[in-house]
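All remarks here apply to the structure that follows.
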């Protein structure tokens, strides 16, 4: 099936390029324009630099995709941009062309040989195989976590069942948990971070992991601000409605700004940015969230304060693993 798709992609690209050449050959005696993928480029003595540049960008990306598919190679989107940075100027331009071509050919971007720059990390009681290369990754053997690649993977179910999956918003918290023995204390756990808003690869990896371990709870830990809530919501949307009951937000909850009484006022931050306030208001008005999540986010409106996870352990009075997370996991406190 994959070979057939590759052949169709190669044939489509070659056909498109042949049409380009034929149109250009006819231009002096026909209409002074060139049409590629429904995009009209004026191609005469008065051609504008912008049209010339757009055409060159499109053909360059097509040729790169043709080479990647033909040689069964991979290139990440960042590499594509930097391969001709003076041509693209900004990465969103090369990214947009790739997505346009993928839509036109009705294929996934990865089938064009182009993958997202790796961003997320995983660690813990987990093994998986990268389908394309056959390489087996054992996350138990890695002290600082494994980069989650934007490629097809196959989760290998081990004899030691994963007891829970903890997704953390930030890389700093991911590394803090690893360095302070979280996986030693909870040896059946799996840790994942998308390092902020998760990319497609991290969400896809989490989804596949949840399919294999289909009864394992999935927890998420985020900053106590609207951005953390939105990240939790993004992860939740990875699952269909029938599986969302397994996804649980551990915190840090807005209402805990009051209950974490050991924190001084200096360790919480005021919400002064109007953009954040608008985001909070829009989230509260959403119809696809639970009443409890809406109630939590309403605390931001009421108290106009927020907090980062680091505040829990940086003041030295409450340990993130021994106190906060242990109380949550053992006390079954989640949303």
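Here the Cβ of each residue, glycine as well, is placed from N, Cα and C on the backbone.
So that you can see what the record holds, here are the features copied from TrEMBL:
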DOMAIN    53-113  domain 'Spo11/DNA topoisomerase VI subunit A N-terminal'
ACT_SITE  82  active site, O-(5'-phospho-DNA)-tyrosine intermediate
DOMAIN    164-329  domain 'Topoisomerase 6 subunit A/Spo11 TOPRIM'
### Message
Can you break down the domain 'Spo11/DNA topoisomerase VI subunit A N-terminal' (53-113) into helix, strand and coil residue counts using DSSP?
### Response
49 helix, 2 strand, 10 coil
### Message
Counting across all protein chains present, how many other Cβ atoms fall within 10 Å of the Cβ of residue 82 (active site, O-(5'-phospho-DNA)-tyrosine intermediate)?
### Response
12
